[in-house]
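What Swiss-Prot lists as domain 'CP-type G' is 77-236. What Swiss-Prot records for Ser126, Lys127, Ile128, Asp129, Gly179, Gln180, Thr181, Gly182, Val183, Gly184, Lys185, Ser186, Thr187 is GTP binding site, and it gives sequence analysis as the kind of evidence. As annotated by Swiss-Prot, Zn(2+) binding site applies to Cys260, Cys266, His268, Cys274, with the evidence given as sequence analysis.
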Amino acid sequence: MKKALVIRFLAGIYYIQDLDNQTILKAQKKGVLKKSNFIQDNQLKNNRDKMSIKVGDIVLYGMCYDKYLIYAILPRKNELKRPNIANIDQVLLVFSLVKPHFQTLLLDKFLLILQQHKLDVILVFSKIDLIEKEELEEIQQNMNYYFPFYTCYYVDSKQQIGIGVLKNIFEQKITVLAGQTGVGKSTLLKALIPDANLKTQEISESLGRGKHTTKNAQLYLFNNGFIADTPGFSKLDLGGFSYQNLKNFYPDFLKYVDNCYFGTNCLHLQETQCGVKEALTQGKIIPSRYSNYCYFMEEIKKEKKIYVKN
């Protein structure tokens, strides 16, 4: 059997790219697949865990009569459910500065979820041509706060502004384009790969959100790597976080924990001696970052019906 990368799934057909000769083939799944591992003698060993194929999977395939069949999925280094994709190297998180307007609340929620999956994140802000210069400079100044942890790019995909500097980050990686519907992911992909078969989304004036054109994740070969276009996000769930552990996903908070009376047990909310709140008052933490944290803590408390003594 040979190895291939799953680059697309459509109507029961998997489009796979052979890892040796780069040929793109159409294949079908052979019965119920099981998670596979290679052992020392290079023989295939199956366990009982049933698996569904995701875009980004490395699979074993072979010819059966007149068609190609996928027999097994090799171990994944990571995976997401929304979007449904595996073996991600980095996430290009795209935000629109207008239509829909940029919100730090949405940014921080995305960052939490992606950090929970231990994924490297690069921030891209689109539609810079539709915003006033002064407003753009203000946003850039606020985003400098995130710069020690995340690289930021500002682009106008239609005019190719800022696109050139992006091209080198894709080499030898599977990069996922992620973001809210209508932020310009498909337009950005079109700017990077002009022959990508995409339709630019129209923005619904009545709802202020984009209409779906990307139905399923798909990998596009680019600069010796792959870019994954994914469906837009309409809902982000914090169900994987707890009231106690959310703070651990704020790298900018961690350096102030030593100044908290309760140390790593401090929730940075109502405690009287809190290094994070002290850093906030000193301007070392931007107000939106902390207020979003409090909002998420309240969201988790309501969702999990946690009762906190005042």
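Any Cβ shown, glycine's included, is placed from N, Cα and C.
These numbers come from a predicted model, not from an experiment.
Everything Swiss-Prot records as a feature, shown here on the structure.
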{"residue": "Ser126", "record": "GTP binding site", "Cβ neighbours (10 Å)": "26"}
{"residue": "Ile128", "record": "GTP binding site", "Cβ neighbours (10 Å)": "20"}
{"residue": "Gly179", "record": "GTP binding site", "Cβ neighbours (10 Å)": "26"}
{"residue": "Thr181", "record": "GTP binding site", "Cβ neighbours (10 Å)": "21"}
{"residue": "Val183", "record": "GTP binding site", "Cβ neighbours (10 Å)": "29"}
{"residue": "Lys185", "record": "GTP binding site", "Cβ neighbours (10 Å)": "31"}
{"residue": "Cys260", "record": "Zn(2+) binding site", "Cβ neighbours (10 Å)": "21"}
{"residue": "Cys266", "record": "Zn(2+) binding site", "Cβ neighbours (10 Å)": "20"}
{"residue": "His268", "record": "Zn(2+) binding site", "Cβ neighbours (10 Å)": "24"}
{"residue": "Cys274", "record": "Zn(2+) binding site", "Cβ neighbours (10 Å)": "20"}
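Within the set of binding-site residues Ser126, Ile128, Gly179, Val183, Lys185, the entry lying nearest in space to Cys274 (Zn(2+) binding site) is Gly179 (CA atoms). In the three-state DSSP assignment, the secondary structure recorded for Cys260 (Zn(2+) binding site) is coil. For the GTP site listed in the record, the two most distant Cα atoms among Ser126, Lys127, Ile128, Asp129, Gly179, Gln180, Thr181, Gly182, Val183, Gly184, Lys185, Ser186, Thr187 lie 19 Å apart. Ranking the binding-site residues Cys260, Cys266, His268 by the distance of their Cα atoms from the Cα of Gly179 (GTP binding site) places His268 first.
If you take the Cα of His268 (Zn(2+) binding site) and the Cα of Ile128 (GTP binding site), they are about 35 angstrom apart, rounded to a whole number. Taking CA atoms as the reference points, Ile128 (GTP binding site) and Cys260 (Zn(2+) binding site) are 40 Å apart. Cys266 (Zn(2+) binding site) and Lys185 (GTP binding site) have their C-alpha atoms 38 Å apart, to the nearest angstrom. When pLDDT is averaged over the domain 'CP-type G' (77-236), the result is 83.
DSSP gives Cys266 (Zn(2+) binding site) a coil state; it is part of no helix or strand. Cα separation, Val183 (GTP binding site) to Cys260 (Zn(2+) binding site), rounded: 39 Å.
Calculated from their C-alpha atoms, the gap between Cys260 (Zn(2+) binding site) and Ser126 (GTP binding site) amounts to 38 Å.
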